[in-house]
Amino acid sequence: MSLALIAALPFLGALFPGLMIRAGRGPSALAAAAANALALLGLLIHAPAVLRGEVIHTRIEWLPGLGMDANFFLDGLGLLFAGLILGIGLLIILYARYYLSKSDPMGQFYTYLMLFQGAMVGIVLSDNILVLLVFWELTSLSSFLLIGYWKHLPEGRQGARMALIVTASGGLAMIAGMLILGHVAGSHDLSVILTQAGAIQASEWYLPALLLILLGCFTKSAQFPFHFWLPHAMAAPTPVSAYLHSATMVKAGLFLMARLWPVLSGTAEWFWLVAGAGLITMVIGAVIGLFKDDLKALLAFSTVSHLGLITMLLGFGTKAAAVAAVFHIIAHASFKAALFMAAGIVDHEAGTRDIKRLGGLRTLMPVTFAIVAVAALSMAGIPPLNGFLSKEMMLEEVLHAGAGGGWLLVVLATVGAAFSVAYSFRLIAHVFLGPVRSDYPHHPHDPGFGMWAAPALLAVLVVLIGLWPMTLAGGIVAAAAGAVTGGAVTVNIHHWHGLVPALFLSIVAVGTGLVLVGGHRRLDAIWTAVPRPEAKRIFDAIVDACAAVARGFTDGLHNGALTRYLAIFTLGVVVAGVWAFRTGTHAPGDRLLTEIAPVPVVAWVALVICSVLLMVLHRDRLLALVLIAVVGLMVSITFIYLSAPDLALTQISVEVVTVVLMLLALNFLPKRTPVESGASKRLRDLIVAGAAGVGVAALAYALMTRDFAFPTISDYHLAHSKSGGGGTNVVNVILVDFRGYDTFGEITVVGIAALLVFALTETLLRGGRANRRLLAWVPDQRRAGDRHPMMAVIATRMILPVALVVGVYIFLRGHNDPGGGFIAGLVVAIALLMQYMASGFAWADARQRLDYHALIGAGVFVAGLTGIGAWFAGRPFLTSDYGYVRIPPLEEFELATAAIFDLGVFLTVVGAVMLMLASLTRIAIRAGETVNIEPMDVDPSAPSHGTEGR
Amino acid sequence: MEILVASAIGVITMTGIYLVLRLRAFPMVLGMSLLTYAVNLFIFASGRLSIDMPPILSPDGAAYVDPLPQALVLTSIVISFGMTAVMVMMALGAFLETGHDRIDMTGPQEDEQ
């Protein structure tokens, strides 16, 4: 099976449980299990080859330009981890099926779980570090969802947030570290990076990369001082704790340290950082664990401690230590997952997991007791179980590493081991041994087979691997350790090494552990009396402080004075422009200037006068509209003068529509802008505006007086407009053909803008303050006595057919002469608009059957369909075609698919403009504007006045 | 001609920014419209100025103005219209909801009923 498929299967599997839950809890679990089992099967098919020492690759080119390809590889280490993830995953799915109660949304649970599983498998199989980072972040996110699965519990939400903050921050550091690593190695593929040990360790970037990557690994694997999130993550349902927080996710950090071991280890920095953090974590976790009364908290700290142990072994940097680390990963996954599941069973059946309220469960829950006894004894390192073997190996390595006078290392490791023994024994003694109590919250009994099958299987494995380590685990340990160290390793796991120092240390640890658990009551009293830093409180304080700083920063910058931001922004841009001008090199412009004729000077004077007047007189809003319309008109004249007939036509028609629109809106706005800013503030604004104006003018002048710095692509358009697009109006051909995709996007935007206006109107009219204000509207200006004068009514009606013909004409000639869909749409819209203005909304509306929404939709649809049509000719989206036809007695004329596209543009523009104006009209009607059914308020044929229709 | 166009762009920009810096919605909308003119003219001018050289191919035409900026500006004009309409509508809605058309969010926020 392709490795990519193995990684994808859990993701595919994530889709089904959420859907299958409608069929029941069983099918939902089955769907998840099926995907999981299939992936596991695919993995196992590769196992023999990998155990022989082969490395399997799957390469899929994805974004080669970024060095990001979906490359996967499977070696011994990947096989070990993928096997753990998929194998234990299957057991967890079984266990969770019986653990979750009826009220828990099980479909969601399995979907999250499978997402997590896919992300984990992705991490361990990735060859490309960028892809690996994506999966890495995905584990943080899916673990957030799983920890917070019981959304109603505040501990769940807080624990999820804490885990996300800690692990995702580490993930960010990791991204930086990985990018450095990839940069130094010259490739983003792990299989290449792993061969570059010399170059990486010699690089000056080695230490930063190491620190950043270790930050990611330590946060993920809960190493000191980031260990605090793991116990809080125990708010998750127990299957999650067993899966994520003992067997898999927290081992992702270990995996990565093991994966990068060949290139990062072996230096003094690696030894001190990794082995040091591991040792501290191991001791602290074990000590705290002994004093936890919550079963899951005890196990969580024990996990922290064991993760520290493995980290320390990896930090030693020797081959034998790597073998010990790999073996302990297997041992820990087996006994800790079993213990977590058993803790879940106790919680589930006895109703509490507080050790102080338990005890004497041995006879009540014999099966659970057997599982816990085996697993906990293994955790304590009692022969012949697998935990004993790995602990012996650990102590052996500690003695080697501490040979040169590092007695402190030996002492601390032994202390850690002793506490480990103590909490393991406490788990058995205080929960299961002792007298049967009468005050359990529930009556405890063993659960059904479905619930204890998974931990029992793991407990059996603990025993079997303990008895025959070389037969059962020798091969995979050798393959994995070989992959970690990048060379062949000799694996030799035995119970009896003779009377070696490690054995004595082990005996000391067990003896001390027994003493500790014996004196637990007294020690506990001391422990509670001694003040200790509380990690959660420190974490909360840090988060609160960060939030306060961020809030202060935001409030300081963002005080609601929008105009001030705009002023600052404008000045910022001006300063950036000046700075660029001052620091850049430039030559004076030598382009031949066009000469100044008298007509443009007149237009220029009109434009400047109106602009300046606008600044002075803008408080009279009606006058301001007139002035701005003049400016728009002058801009249109500029376009026509400077060889842009299409632009001039568009600008002038848009101008009309815009002014009408603003007039309609102004009807409901104050007619005057009050004086609010003092003279100094206005002067300040004038200076800001003036600086920007001078800057823009200078920039425009500089641009226009120089020739193009690069050859323009316009020559291509000019050359191919006729031959390729079939039109002589190059601007129109660019719009509907060369850059048709842009135009398609733009008509969509215009359509959306119109719908937005409509939606805003709907919201305003639905009720609430705006609606009440409109209903109580009193016109602030005198109404016209004759709102629909006869002259206007008659004239517009006469003009309508002419205007429509002009619109059609402009549309048709557009491909070869100035015109086209945009302009034709505006012209037709204005023609219709005139009817509304002259004869009244209701009268006009009753005489046309166009639905503006449908018009917009049809326009976009037609344009899109034309584009798709190109596919049937086997060409890319929006490729146009044209031909010439001759229908006698007409002359030969051209037919182009671009014209159909332009029709779409036309329809959208008409629909959009009309919908916007119709929306404003609806506001007017709500405000009590009378609705006419007659075209004129005054009927000239009637003998007397006053037949105003309502 | 260049100096006229450049200074016109500058004047329109100045007026536009001055109006945008006012404290009420309506001048702000006007200012944005003016800035649209300025930006459109600027983009248009980036194709350099030419008189009597419209980009309409003809058998005897030897030189044409750069058509690409024109195509960009044409759609820009239409889109700006759509955006102006949305802005006007938002200004109107805000006024109808709150009874004033101030845009700054500082100071007391009580409504003018």
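Quick reminder: no glycine exception, Cβ is built from N, Cα and C everywhere.
Annotated features, as they stand in TrEMBL:
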DOMAIN    A:66-109  domain 'NADH-Ubiquinone oxidoreductase (complex I) chain 5 N-terminal'
DOMAIN    A:126-414  domain 'NADH:quinone oxidoreductase/Mrp antiporter transmembrane'
DOMAIN    A:606-671  domain 'MrpA C-terminal/MbhD'
DOMAIN    A:681-761  domain 'MrpA C-terminal/MbhE'
DOMAIN    A:794-914  domain 'Na+/H+ antiporter MnhB subunit-related protein'
TRANSMEM  A:107-125  transmembrane segment
TRANSMEM  A:205-230  transmembrane segment
TRANSMEM  A:270-291  transmembrane segment
TRANSMEM  A:322-346  transmembrane segment
TRANSMEM  A:367-385  transmembrane segment
TRANSMEM  A:499-517  transmembrane segment
TRANSMEM  A:561-581  transmembrane segment
TRANSMEM  A:686-704  transmembrane segment
TRANSMEM  A:747-765  transmembrane segment
TRANSMEM  A:791-812  transmembrane segment
TRANSMEM  A:818-838  transmembrane segment
TRANSMEM  A:893-917  transmembrane segment
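Residues belonging to the domain 'MrpA C-terminal/MbhE' (A:681-761) score a mean pLDDT of 89 in the model. Remark: the transmembrane segment (A:205-230) makes no contact with the transmembrane segment (A:107-125), by the rule of 3 or more CB pairs under 8 A. Helix, strand and coil counts from DSSP across the domain 'NADH-Ubiquinone oxidoreductase (complex I) chain 5 N-terminal' (A:66-109) read 29 helix, 7 strand, 8 coil. Listed as Cβ neighbours of the transmembrane segment (A:561-581) (distance under 8 Å, sequence separation of 6 or more from its ends, same chain) are residues 684-685, 688-689, 691-692, 695, 699.
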